[in-house]
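Comments concern the structure below.
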Amino acid sequence: MEPRLFCWTTLFLLAGWCLPGLPCPSRCLCFKSTVRCMHLMLDHIPQVPQQTTVLDLRFNRIREIPGSAFKKLKNLNTLLLNNNHIRKISRNAFEGLENLLYLYLYKNEIHALDKQTFKGLISLEHLYIHFNQLEMLQPETFGDLLRLERLFLHNNKLSKIPAGSFSNLDSLKRLRLDSNALVCDCDLMWLGELLQGFAQHGHTQAAATCEYPRRLHGRAVASVTVEEFNCQSPRITFEPQDVEVPSGNTVYFTCRAEGNPKPEIIWIHNNHSLDLEDDTRLNVFDDGTLMIRNTRESDQGVYQCMARNSAGEAKTQSAMLRYSSLPAKPSFVIQPQDTEVLIGTSTTLECMATGHPHPLITWTRDNGLELDGSRHVATSSGLYLQNITQRDHGRFTCHANNSHGTVQAAANIIVQAPPQFTVTPKDQVVLEEHAVEWLCEADGNPPPVIVWTKTGGQLPVEGQHTVLSSGTLRIDRAAQHDQGQYECQAVSSLGVKKVSVQLTVKPKALAVFTQLPQDTSVEVGKNINISCHAQGEPQPIITWNKEGVQITESGKFHVDDEGTLTIYDAGFPDQGRYECVARNSFGLAVTNMFLTVTAIQGRQAGDDFVESSILDAVQRVDSAINSTRRHLFSQKPHTSSDLLAQFHYPRDPLIVEMARAGEIFEHTLQLIRERVKQGLTVDLEGKEFRYNDLVSPRSLSLIANLSGCTARRPLPNCSNRCFHAKYRAHDGTCNNLQQPTWGAALTAFARLLQPAYRDGIRAPRGLGLPVGSRQPLPPPRLVATVWARAAAVTPDHSYTRMLMHWGWFLEHDLDHTVPALSTARFSDGRPCSSVCTNDPPCFPMNTRHADPRGTHAPCMLFARSSPACASGRPSATVDSVYAREQINQQTAYIDGSNVYGSSERESQALRDPSVPRGLLKTGFPWPPSGKPLLPFSTGPPTECARQEQESPCFLAGDHRANEHLALAAMHTLWFREHNRMATELSALNPHWEGNTVYQEARKIVGAELQHITYSHWLPKVLGDPGTRMLRGYRGYNPNVNAGIINSFATAAFRFGHTLINPILYRLNATLGEISEGHLPFHKALFSPSRIIKEGGIDPVLRGLFGVAAKWRAPSYLLSPELTQRLFSAAYSAAVDSAATIIQRGRDHGIPPYVDFRVFCNLTSVKNFEDLQNEIKDSEIRQKLRKLYGSPGDIDLWPALMVEDLIPGTRVGPTLMCLFVTQFQRLRDGDRFWYENPGVFTPAQLTQLKQASLSRVLCDNGDSIQQVQADVFVKAEYPQDYLNCSEIPKVDLRVWQDCCADCRSRGQFRAVTQESQKKRSAQYSYPVDKDMELSHLRSRQQDKIYVGEDARNVTVLAKTKFSQDFSTFAAEIQETITALREQINKLEARLRQAGCTDVRGVPRKAEERWMKEDCTHCICESGQVTCVVEICPPAPCPSPELVKGTCCPVCRDRGMPSDSPEKR
């Protein structure tokens, strides 16, 4: 009883506790200034105290709100009238509520609102009228609600909303119009545009959906396009004509117009609308015809018809009504008036006159100025001046003239220009004590004055603030109290323009570690977190490095925002020292820790499946490879993908064996993984499987052995120091004598950043959702089609097309990824082209989005690059799972490997054995010049000879020479350059044998390639900024790995694709088009026969240096030749080069673009607007946002291509960083770099620096006689071209060996690295050595052999010297004695015909033995050669491995599956 009594007492007290002296309405609750009258069945507005601030009348039966119902409640800020029965709100119902903020009218029965309903509610912020019966609104209804932030009109019956209904609601933040019956026709288009503007600027949330028409039902109004609104602005179909009428007659002016909605016809007389109500003589018919009855003299003048609807308006030409009377001189009906007009707008000086006959109107300007006929147009109603400029300022005179007289009237055009900013300041963040300078400039008429304010007031009197006469605000030494908002104002009599900027002043703070990482250990297969935190100003970015390679986000590694490194599924490769780097714009701090990975003893889950999985993997991989070979080489290719696969398929058996072993190794792990998952009782679907706890290290080593990974080529033998001190090995080994495989062919690409695979090991980005992302990566084909546009090519104003083609030629010297050996999936052998599943090696590109080619295929063929065994590490044992790496077939160095091959086997195939002069093989001579073409390849001709009349492929150091006519021409040029060099060197040194000539010529050609690249080509690409970053040569650094970086080969160096022109120009000697014409890019592919049949190499080369390059415009990055028509000359389905590059980057685990920005010390990226410094075009950033969703997912290549070019370069900031990094490594890590002291003599180096591509063209073109000095620079023909005789040459005389009597002939000694003391037989092949040694014994006694040892001999003629003969003879005798000793040693070595194997066991000549179960070895010519046996598919379902046999055994017969009895 007591609690109930207390409650009633409390309510009573509340009811009475209102404002002193003012009554609380009966049954209402009052508390201070709040009055609540709810659930009282009220049917009227009660009287409440005047000081009320909150009035709550909800849940009553109020039906009407009368006028001035709340007039005395000046303090009311909240009025709740919802949940009543209100049907009518009188005009001025809310009069006097100037302070009302919140008005609730929802859930009533309101059908209409008067346009004065909300008049005076100037402070209202929230208005809720939803859930009513509103059927229409008036444009002025919300006109006074300037501060309104929320307007809820949903769940009414609105079908139409008049234009301009929300035009004054500048503070609006939320607008709801959904759940109405909106008809989305032309009348509602204004609302769609308004809502689209809300969405674009982001300051207002709005909702509105279409109910009608049916086709738009449920669509958001903001999403409806202009075309879908089906609007048609008025179009005049019949215009009124001039008429002359006597007094009292009736006149008809006809006007017809069409439009949707039907336009309203309005008539204008002498620039004033006709008022039909005031003059009963006037009438407008339904068809728009104007009738004037009982005409008067006042009716004469100009009539104009205007048709208007919601989509726009249209006016007819003026029609004249002339009142017929007695002859009269002219008199003005309308005179021109002085007009003030803003610059850039248009205006009309109206001038019309009457008279009889009708007067002629003409115009003149004061001061004798003529009218501008292009902008000043005389019409029947006046003078129309369009696009007003400052020159239009002045006086214009209208002349009306007839036979009875002339009248004139003049008016002034006063041109005014309000202030407009020409330079606007930007927000700045600076360190204290740094200077700040804001530029602010404006134009206008009258000229505006620049005024600066701070936080709305004057600039501080104290401090270092200075406003220059130009309007620039300068703060000399910024301090903390200087930060805040500044405003630049451009002030003139026409108005004020303002722009605000924010200054943030931060104290200096370098990065400092707040938590250091500690040495720790982790078990194999476990995850581990390593903390590293730092602070600074700005907040430093934390990155982690391992062994000099930056760690990036992937399925293997994760670095959170605070800097903690997480390593998933730790393995032995993860052991080592890690660096934590804290970097901000003022510096960096580095600390490190050591991670130890400990092994888990015992068997792993996958060990039981090793034997069966390896057998299945061998069978599946071999079967798929054999199937692919049959498909590619037993017939001509059917598709462009077949052509590409055949063209790039490895020819070298060693490459095939290495790639096969890598595929077997990976596929075995995949099979084990699948079988372990099948045996688990826990469902792991959707979770990444962990590799390092899959199988034990012992089982991994077994898999590596059985797959062939450990049977790779032996480590290079660099013991022959005499050869390796002077010449390069063809395969690039032994360049770095401490790390012999650095930069060598058939090694894994290098990395700047750790690979970004989805599972951390092998799964590419693009399979499923990216790590930490909410949406999948866009299909590469979609990305490519966004950037590919068919547009006119913009020519480069500085450079020629040779710039791109030299890069293409150079790229083939540096890298060539080993492709997939199979284009059929391993699981069931089905071709990748017939399935669209990500089943190794298939990694197809989805094309389900709209494809411009119109193909219905759901995907495009793509097969992953072949993996390197154990990431290409040279270790003989494999005890852990490494991240997938790819193999580079080429040597990394700029050494002409695309001319000479990247292996000893290739180089031998290219040399001409018939001529012992160190020449390369030649093809038949080109008839006009007699210079040879490249020889034809003896392999399968199907890539090039697709038709019987076509020639086979050319034979060159790189098979890709046949890929394009320009490449074939460049290869022809350089093979001729070698033979030219070899011929001249042989003539200068007739005592040199063939191999010495070959090696010396090869060495010179390599130096020319280096010099042209770094001195002529790179400065054009990198400009002065990049050249400074690259810095000058400082000597060889053996600690630099010159290997090609994966991201450089896969993405950065593919920048040339954006420079490819869709047309290959072919020019004659005067740079005109040849008779055979130019070629589309795709028709120049795989067509070397065009060189033979259509003019040789000169027309192609002239098209490279005689035509401007393509300018890289972000709006037209790629030609459709590359994305839609590549290889379509021969096949119906083309290949998309751009999409392939993007997919290849994901295949290779190339990290996203933002990770490389961090590596290159650019600003970090959290959202797309953070890219505005490097990608200024907002439209491009919007495209990236639409494609990727998150900046952290952007692929490297497309981002590099859309970066803004650094002025004076052809690259953006990140691409510049990658270029400089790679080319520094290529130069500094090359022991044979041409500028490295000792590689060439100073005299030779001086001559090599005379080399130029222009000279090479002159010397080796078919018949090129004129060329510009620098073929990369655009030049005008003929004035900027030089005769070839004016181009500097490399003088080879400094390579001439000097004889013993050179001093008497006045000659000088000049031989590469003292080669005059070394016998060239050491660098010979076996045939050359045998020939040289046999000659050695039969030399006549009058010859003398001088040298350091028996392997280095130079033949000198015996002569007598007139001076110092005794000393010379003593030296000769001493040398002969040493020579005999060396000859005896050589002969003893030649008599030893045996070998020594890797275990130190002596072997006899021709002896054969088994090194391992699958490895056969033989001793031949003193050298051990081992071959790994390839097993055929087993004919039984469950073959087994038996110790002592190589291939699986079928138990049912107890014999190997490949034994002859089973065939």
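Using N, Cα and C of the backbone, Cβ positions are placed for all residues, glycine too.
Here is what Swiss-Prot says about this protein:
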DOMAIN    24-50  domain 'LRRNT'
REPEAT    75-96  repeat 'LRR 2'
REPEAT    99-120  repeat 'LRR 3'
DOMAIN    180-233  domain 'LRRCT'
DOMAIN    234-322  domain 'Ig-like C2-type 1'
DISULFID  Cys255-Cys305  disulfide bond
DOMAIN    330-414  domain 'Ig-like C2-type 2'
DISULFID  Cys351-Cys398  disulfide bond
DOMAIN    419-504  domain 'Ig-like C2-type 3'
DISULFID  Cys440-Cys488  disulfide bond
DOMAIN    507-596  domain 'Ig-like C2-type 4'
DISULFID  Cys532-Cys580  disulfide bond
DISULFID  Cys718-Cys734  disulfide bond
DISULFID  Cys832-Cys842  disulfide bond
DISULFID  Cys836-Cys859  disulfide bond
DISULFID  Cys944-Cys953  disulfide bond
DISULFID  Cys1160-Cys1217  disulfide bond
DISULFID  Cys1258-Cys1284  disulfide bond
DOMAIN    1393-1451  domain 'VWFC'
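Swiss-Prot feature annotations superimposed on the structure.
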residue	record	DSSP (3 states)
Cys255	disulfide bond	coil
Cys305	disulfide bond	strand
Cys440	disulfide bond	coil
Cys718	disulfide bond	coil
Cys832	disulfide bond	helix
Cys859	disulfide bond	strand
Cys944	disulfide bond	coil
Cys953	disulfide bond	coil
Cys1284	disulfide bond	helix
Among the disulfide-bonded residues listed as Cys255, Cys440, Cys488, Cys1217, Cys1258, the Cα nearest the Cα of Cys351 (disulfide bond) belongs to Cys255
Within the same chain, the residues at least 6 apart in sequence whose Cβ is under 8 angstroms from that of Cys718 (disulfide bond) are His724, Thr733, Cys734, Leu737, Pro740
By a three-class reduction of DSSP, Cys734 (disulfide bond) is assigned coil
Smallest Cα-Cα separation from Cys255 (disulfide bond) among the disulfide-bonded residues Cys488, Cys580, Cys842 is shown by Cys488
Per the Cβ filter (under 8 Å) with a sequence gap of at least 6 from its ends, the repeat 'LRR 2' (75-96) is approached by 33, 50-69, 102-111, 113-114, 116-121, 123, 128
Quick note, Cys440 (disulfide bond) and Cys953 (disulfide bond): C-alpha atoms separated, nearest Å, by 64
Filtered by Cβ under 8 Å and at least 6 apart in sequence, the residues in the chain of Cys842 (disulfide bond) near it are Thr823, Arg825, Cys832, Val835, Phe862, Ala863, Arg864
For the disulfide-bonded residues listed (Cys305, Cys1160), most other Cβ atoms within 10 Å of the Cβ sits at Cys305
CA-CA within 10 A of Cys1217 (disulfide bond), subset of disulfide-bonded residues Cys488, Cys836, Cys944, Cys1284 in residue order, equals none
Nearest to Cys859 (disulfide bond) by C-alpha distance, among the disulfide-bonded residues Cys580, Cys1160, Cys1284, is Cys1160
What DSSP gives for Cys488 (disulfide bond), in three states, is strand
One should report the C-alpha separation between Cys532 (disulfide bond) and Cys1160 (disulfide bond), rounded to whole angstrom, as 21
Mapped onto three states, the DSSP assignment of Cys1258 (disulfide bond) reads helix
One residue among the disulfide-bonded residues Cys255, Cys351, Cys1284 has the fewest other C-beta atoms within 10 A of its C-beta, namely Cys1284
Taking DSSP H, G, I as helix and E, B as strand, the domain 'Ig-like C2-type 3' (419-504) contains 3 helix, 49 strand, 34 coil
By a three-class reduction of DSSP, Cys398 (disulfide bond) is assigned strand
